[in-house]
Structure formats: structure tokens, C-alpha cells
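Notes for the one structure printed next.
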Number of protein chains: 2
Amino acid sequence: MKKLTAVLGSALMFSVSSFASDTDLLNQAKNLFKPLPKVANNPENPVTQVKVKLGKMLYYDTRLSRSNIISCNSCHNLARYGVDNTPTSVGHKWAIGPRNAPTVYNAALHIAQFWDGRAKDVEEQALGPILNPIEMGMPTKERVVKVVKSIPEYVELFKKAFPNDSDPVKFENIGKAIGAFERTLMTPSRFDEFLNGNTNALTKKEKRGLKTFISVGCAGCHNGPAIGGTMFMKFGQVEEYWKETYPYVLKESPAIKVDFGRFGVTKNKADMFVFKVPSLRNIAETYPYFHDGSVWKLEDAVRIMAKTQLGKDLTDQQVEDIVAFLKSLTGKLPEDALKTPVLPPSTDKTPKPEF
Amino acid sequence: MKKLTAVLGSALMFSVSSFASDTDLLNQAKNLFKPLPKVANNPENPVTQVKVKLGKMLYYDTRLSRSNIISCNSCHNLARYGVDNTPTSVGHKWAIGPRNAPTVYNAALHIAQFWDGRAKDVEEQALGPILNPIEMGMPTKERVVKVVKSIPEYVELFKKAFPNDSDPVKFENIGKAIGAFERTLMTPSRFDEFLNGNTNALTKKEKRGLKTFISVGCAGCHNGPAIGGTMFMKFGQVEEYWKETYPYVLKESPAIKVDFGRFGVTKNKADMFVFKVPSLRNIAETYPYFHDGSVWKLEDAVRIMAKTQLGKDLTDQQVEDIVAFLKSLTGKLPEDALKTPVLPPSTDKTPKPEF
């Protein structure tokens, strides 16, 4: 009987301490992270139903590219967690891009867009690839507008989506429509349930991983609702990143060079090798990793980050636990986004594809 | 009063004669065409729910291509009536194909697949582009199977889709799964309602167009449930097709050459310039037209067909009416097909993309 009481007592103690430590962890996590909002609002571009409908159509429409075969969805495939799972993307005339295509899911929450932050929000970002000669390859804004204006169904939707605009079908509004759609691309996961107070939403291992993620220092940069995307940081705080990543570059990969990152935007020496800290939402699905897509295994990426950014050699157990936690960030993809819209036909006025 | 009776009488007569002529037209049409089935069955490859689910995933999966960026849906875009609306498609390393990509909607009803009929059914067809070096560019069947086998979710689905197969994940079964999915891609339209007895399902103009379509001779080849796809026929019965189509070839188009058609398959001289008669279902949406995608306007295509195949110069009114009828063949796209499936992640064993 004494023995039983002792056993029960220690079980109770363990349970209490586990409860206490779960609550501690939850409180710590709440200070660092936030659950995802339903929509990432932008007062300058209110998210309306008709704007989202239009934006989704444009997102899937290959006619926004010169060849008429590349859409936003080509490289940011919504069925594959918003990426193309290649090191760097293929664009117009099979041009190979210099950086890995980041996911559009939850991207609207980031401090800025692109790896180097050269666009301030998703509205601005959406327009970049359309005109980039090695992406969708449209020669001019005017041509993009001409395409959209040539399709009556689009003209109608632009009027409805931008009712106070005297010239609704214009280039910036294409970005606003796509941006509004992207603001709905949130992917809540079990981690959000945890942050909302349900400490059983994560397994023991995942909680141990979360603890390690915080204690090792990962959350110093990967924080906020997107678990990243809140700041710019040098890749290679402790040692040059390429020493760690280059051994992983595939022989089939596009020729990857040392990338100066944000320096290319600001021309400020302090921004050399500085990149936006990527979101870790859905990270297990959005391989390969880093701005150069050099590393395919999440375990390797975690190890490299600890080494280059924190100067730490993680144990196998730490890596395993962190990866378990990161997998809990794989969220539910919004069903509406995956319902491909039937796109209206071109007309005689629509510019023909050019290869 | 006499006058009124006379007017009423003639209105009644007109209505009776219009009714009689509608019934005649319906009977004529019923002899030539058939409503679409729900599913285009194939006893050798029964359409089951799990096979369709698997086939749909494979249809959308870019990992069936060497680069991991091209899927069946890239050229046969379900959101654009199963085509890419370009003259001829772009494939691996931006190779430009020699023939226009036909729609997958209703294709399972055709006598054979491809413009030259070199595959007997959709199951066989589906495998062609995967291995074609200028399409999806996979080097070998074995590599395709290796990709699929490396993804546990696919292995499970193959087991369920082919329960009596001791080796379910094999190349032919990829074709069978995609084929089963394609057998569900039927797009009934108002014309099917008409064929089912509702003579008011078509407008007067459309009925006049149908009448012209039959009386001019179009239905001699374009018949059956897909309004085409039932036979092979020489393109250029009366005069060489290229005399009519080449003036339409865009300067941006891929270099189009005279195409020997089915002769390439059979090496039989009688098959020179012979092609499968294409389906006219959704034809208004699946521009540009002909095996070379040379002609963008449906009116032009109709005129050229009458000239080259029947030796007839249609009047503007005839063309207008036939086009009105053809537009009534634009059907409802199946909602399920447009719900993009979330695709399972790759694993360490999945071959990496090659550019």
C-alpha cells in the first residue's frame, strides 16, 4: 500500500511538473510566437470577396506570362505548399533563376517580400515576376494590362473589385488583386492550437523540440506568427554559410554563386549576405532549403543553421526533436485556394503568346 | 376579327411547323450524335473511386517530369478546358512540340489518342508525354516508377487502386490510373439536353447552325458523342490544307512544317496527311485550331474546313450560324477535376530534378 501510494504520488508529481512545464513552455512560446490570423489584413488594400476571386484567377492565369505557359502557380504551386520543390525555378525560355522560390502561404505576414526584401508587401511582390525576363518574361506593364483588358470577364471583375477607381484595370491593381488573394493563404496547424492554450495539441517529442528550438536560440530570429519573416539577418553569423551549404549543391543544380543578398538592394556593406529570415510554417514540405535551395533534408538544414548562425553543433537528439517540432508547423491548406478557377477565354484582342 | 384569326392562324402554323422542324432536326441529330456518358468506361481498366483519386494526383504531379516542373496539367490545363491555348506546347528545356495539345476533356471517347492515333486509348496515351524527351523528358520508365515508389502515400494508393496486382506500382498502372481519371472528364452542355429531347435547350440561331452543320456536310466526320474523334480523315480532301492554314501561322509560332500525320505511324501512303478527326466539344474554348495550332479564330477554322474538306465556300451567315451551334458545345467542367489535390512530399529516395 505504501508502495502504491509512493508510485501514485510520484506519478502525480510527474504529472504536475509536466503540467507546470507545459504551462511554462506555452507561456514562453506565447511571448515569441503568435497564432496565425484568418487573413493577413492590409488597410491599404482591403481584402474583399470579389478581389480575392479576381486575384485567384490571375494567380492561376498563364496569360500573365509572355509565353502563356507560366502562372504564379507554376513556381508557387498551391498543391505543393506554395513552392515548386526545385533548387531554383525555371522561367521564360528555360532560364534558371538565382534563388529558391519561397512559399506564398503565410507570406503576407512577412516584414517584406523576396529573399532580399526588395518589395514591401505581397501586392508589390506579385508584379515582380511578371516583368522579370527570366521569370514570366512580359516585356512591359502595358502588355500585361492589354492582356487583361482584352478579356471582358476580367474587365467586369476589376470594376467590381476596385469600384472607386476610375481606371480599374491597371498594373498596380493586378498586384492588389493577387495580393488580396495571397492574404487569405493562411495555414493554421497544431502549433496554433497549442498557442491557443491546448498544450496537448503537440506530442511530448514536439514539445521537447519546441523547448530546444527556443533554448538553442532558433527563436531569436524565427518568431512571430509565421515563425520567421519578421527581420533581416546575415546568413553566416558565425561562419560563412557557403562553407556549410556548398557540399550539398547537386551536380544537376543550376550554377549557384555566392549571393550578396540584401546588399544588392541597399548597396550598404552591412547588408552583405543578409537575407530575410524565412518563415518555418510548412517547412517540412517546402524543401529544398535556403535561398539557394542547396539542402534537401530538413535535418541537414537545422544542423547547418545552428552551426552558421549560432556556432553550435547540435546533437542528433536535438536535431530530431527540433525537426519533430518543425513538422507540427505543417498546416491545413485552405480548400478554396485549391479549387482551380475556370478561366475566361481570350479574344481577338488578346496578344498572342511569344516563345 | 378575320384579320386577327388569320394572324393567329399563321402564328399557329408557324409554331407547328417550327415544332415539326425542331423534331425533325432532333431526330436527324440523334442519328448523328449522342449525349455524353457520365463516364467513358473501359472494361480493361474499370473506373474506381480510388483509381480516379490516384490518377488525378498523378495528373497534377510535376514529379512525373525530369525537371519536376511539368505535369499533364501543364499542357492540358483543366482550368482552360484541357488545353494550353498555344499553337504547340513547350516541353523539357523549352523544346517546342510539333503539334497542338488536344484537350483531355471527353478524349476517352475517341477511337484512338494523339492527332495521329498512335496510342489506342487514354491509358496508353498518358504514358507517352512522360517519356518524350521534348515533353516531360523522363529518361526511362524505371525512373518514373522510382519516383512514385519513393513516396509512401503513392505506394499505398497503388495498392488500393490495383488490389489484385502483385506489383501494383508499375509503369502501365500509372497510365491506367491517369486514364481512369480522364475517363471521368466529361463536359455535358446544352446540346446534350437537346439530344435528350428538350428542343428549347438550343436557341433558334444555334438550331439553324446545327442544321447547316449537318446539311453542309460537317457531321459526315464530326459525329458521335464527342462530335468527332470517331474516325481518321485526310486533312485536305479537296485541296492541300497548308494552302489555307499557312497564311495564318504567327511569326511567333514555332517553325511549323508540313505534317504527314498518320503516315508517320503506319508508313502507308494512303495515310499521308491523315489525322484523327478532332472532337468539337468545347471547341470555342480550345483555340488555336488544327494539328498545327495555326488558326486562332473559330470563324476562320470553320471556313477553312468547309473549303479544304468539302470544297465549299460558306456564306458569312452560314459561318455565323455554325459558330453559334459550336458554342453550344461548351460544357460544364466537372468540379471534382478542378479541386487540385494536395500532393504528398518527396523523400530521400526520390530522384532529384534535373534541368
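Including glycine, each Cβ sits where the backbone N, Cα and C put it.
Look at TrEMBL and you will find A:1-20 tagged as signal peptide.
The domain 'Cytochrome c' feature in TrEMBL is assigned to A:50-182 (among others).
TrEMBL lists A:Cys72, A:Cys75, A:His76, A:His92 with the feature heme c 1 binding site. Secondary structure at A:His92 (heme c 1 binding site), taken from DSSP and collapsed to helix, strand or coil, is helix.
Look at the domain 'Cytochrome c' (A:204-330): DSSP puts its residues at 59 helix, 10 strand, 58 coil. Feature annotation from TrEMBL assigns domain 'Cytochrome c' to A:204-330 (among others).
As annotated by TrEMBL, heme c 2 binding site applies to A:Cys218, A:Cys221, A:His222, A:Met305.
Broken down with DSSP, the domain 'Cytochrome c' (A:50-182) shows 66 helix, 4 strand, 63 coil. Across the residues of the domain 'Cytochrome c' (A:50-182), the predicted structure has a mean pLDDT of 98.
Rounded to a whole number, the distance between the Cα atoms of A:His76 (heme c 1 binding site) and A:His222 (heme c 2 binding site) is 22 Å. For A:Met305 (heme c 2 binding site), the same-chain residues that are 6 or more apart in sequence and have a Cβ closer than 8 Å to its Cβ are A:Cys218.
Of the listed binding-site residues, namely A:Cys72, A:Cys75, A:Cys218, A:Cys221, the sparsest CB environment within 10 A is found at A:Cys221.
Residues A:Cys218, A:Cys221, A:His222, A:Met305 make up the record's heme c 2 site, and a Cβ search at 8 Å around their centroid adds A:Phe213, A:Gly217, A:Ala219, A:Gly220, A:Gly228, A:Val277, A:Leu280, A:Gln309 from the same chain. You'll find the Cα of A:Cys75 (heme c 1 binding site) roughly 26 Å from the Cα of A:Cys221 (heme c 2 binding site). For the binding-site residues A:His76, A:His92, A:His222, counting C-beta atoms within 10 A of each C-beta gives the highest total at A:His222.
Note: the CA-CA distance between A:Cys221 (heme c 2 binding site) and A:His92 (heme c 1 binding site) rounds to 35 Å.
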